[in-house]
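As annotated by TrEMBL, active site, proton acceptor applies to His444. Annotation source TrEMBL lists FAD binding site at Lys50, Gly114, Thr143, Gly144, Ser145, Asp312, Met318, Leu319, Ala320, His321. Annotated NAD(+) binding site per TrEMBL: Gly180, Gly181, Gly182, Val183, Ile184, Gly185, Leu186, Glu187, Glu203, Gly271, in sequence order. Per TrEMBL, disulfide bond is recorded for Cys41-Cys46. Residues or ranges marked as domain 'FAD/NAD(P)-binding' by TrEMBL: 3-327. As annotated by TrEMBL, domain 'Pyridine nucleotide-disulphide oxidoreductase dimerisation' applies to 346-455.
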Amino acid sequence: MKYDIVVIGSGPGGYIGAIRAAQLGKKVAIIEKYSTLGGTCLNVGCIPSKALLDSSHHYYDAVHYFEEHGISVENPSFDFGKMVDRKAKVVEQTTGGINFLMDKNNIDVYEGLGSFEDATHVKITKKDGSSEVIEGTNIIIATGSKPSTLPFISIDKERVITSTEALTLKEVPKHLLVIGGGVIGLELGSVYKRLGAEVTVIEYASSITPNMDADVSKELQKVLKKQGMKFNVSHGVTAVERKGNEVVVKAKNKKGEEVEFTGDYCLVAVGRRPYTDGLALDKAGVKATERGQIEVNDHLQTNVSNIYAIGDVVRGAMLAHKAEEEGVVVAEYLAGQKPHIDYNLIPGIVYTWPEVAAVGKTEQELKDANVEYKAGKFPMRALGRSRASGDLDGFVKVLADKNTDEILGVHMVGARVADLIMEMAVAMEFRASAEDIARICHGHPTYSEAIKEAAKTAWDGMPLNS
Ligand SMILES: Cc1cc2nc3c(=O)[nH]c(=O)nc-3n(C[C@H](O)[C@H](O)[C@H](O)COP(=O)(O)OP(=O)(O)OC[C@H]3O[C@@H](n4cnc5c(N)ncnc54)[C@H](O)[C@@H]3O)c2cc1C
């Protein structure tokens, strides 16, 4: 079979790229080595983690907050098996939806491991060992990423686990040790903390979510600590040992002293690595870095002119929405259009509660670039909406250019900020000033009023409600 475009990998990058290419009249095939489509995001990432976060959030509220609202539930309890089954159903429905979309767009789906024969031919090796070769004028590599680990840690997938296993545990850990205070560690740590586990986070950097704005990391750590999570920042893990049903993690603290943590499960959440195993990149002559990251130019084109790469397997944030945008961009580029992505405006979100969301530059980035800026910060607790719901933690911080008032970065911690952040991504795409946002009428009472107030504070230094 010969196609205009062959996509390898069916995650958010691959399947969205395939759909966009088909919409633009291309004959498209997609190859996926697993029997379900959707990649990391739908199967073992975004969707299952959010399903468990939502379920555990309901339970946590029933235990801790219903009473305050005058609702009595005697001894709230949960059936963990049911929770995990619900998550599996959500995943099934969502991945099933991708099959429907492939059909709708006349995209041929091949199940099996895709590997290059040369720059235009891809061999598909199926589970039963049989194989076939298809041809693509253009090929898009969208093979994503896998959890990474530290060289001295052996992941046994039972007690020393990655995010994949943490989404399918049979029991709630008594004491979950989390190596890595990044997004995945904090989200999955939150799930089990809410369900009653003791959760200890061990982080190498001097703060959790080290790539986010320092104010945000500080606030998030404060709030999660209030919820009972324990944090050990500036701790470099040196060893992880399984002893029966226990796991012992050894680490060196800031003073160079060795400390030990003992739990019954250890989640290794130290990041993800680009995944190109089995692709036989060399047969097509495609270059990758030592880490396996495929090198691409501004058009996401590899060093082989008809082969493109998108998503987690290339540079940039390992996020589903970034992969999707890149899928669209490559499809449109191959159809002769001139698409473009503003990488500065890819929102970053943490689905803890309160949520965290950010777009644009952090204060540190502005300082490093010698940009003169002003900051406006507004606390969530000053909002009527926050008092009504009881979600008082967090803030919105708007960073604007000191001379032009253009918004350069927005950082939020609070209820539903994962959804609120898009107001500011849109504003920044249109190069709005802080004054523009301060002058837009925001619905009352809403959490979005904190954005208006923070923007006003950045603009003229005078919030109205605090
Ligand atoms: C626990 C967790 C939570 C997350 N939560 C979020 C979130 O809330 N929001 C967010 O934006 N991101 C989140 N992410 C990250 C997100 O899942 C990834 O950024 C996204 O899935 C990357 O998409 P992709 O298309 O590049 O690759 P992937 O989704 O990794 O898909 C790649 C696909 O390619 C297939 N494949 C690989 N090699 C071959 C081959 N040789 N032949 C055939 N098929 C192959 C793989 O099986 C896989 O299905 C989360 C990740 C994890 C682990």
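Using N, Cα and C of the backbone, Cβ positions are placed for all residues, glycine too.
The model shown is predicted, which means the values in this text are computed figures rather than measured ones.
Of the recorded residues, Glu203 (NAD(+) binding site) and Ser145 (FAD binding site) place their C-alpha atoms 22 Å from one another.
In three-state terms derived from DSSP, His444 (active site, proton acceptor) belongs to neither a helical nor a strand segment and is classed as coil. Sequence-distant neighbours of Ala320 (FAD binding site) (same chain, 6+ apart, CB under 8 A from its CB) are Gly11, Pro12, Cys41, Gly45, Cys46. Mapped onto three states, the DSSP output places Cys41 (disulfide bond) in helix. Of all Cβ atoms in the shown protein chains, 22 besides its own fall within 10 Å of the Cβ of Ser145 (FAD binding site). Secondary structure at Gly180 (NAD(+) binding site), as computed by DSSP, is coil. For Gly180 (NAD(+) binding site), the same-chain residues that are 6 or more apart in sequence and have a Cβ closer than 8 Å to its Cβ are Val201, Ile202, Glu203, Tyr204, Leu267, Val268, Ala269, Val270, Gly271. Only Cys41, Cys46, Ile184, Met318, Ala320, in sequence order, out of the recorded positions Cys41, Cys46, Gly180, Ile184, Met318, Ala320 have a CB under 6 Å from ligand 1. According to DSSP, Lys50 (FAD binding site) is assigned to a helical segment.
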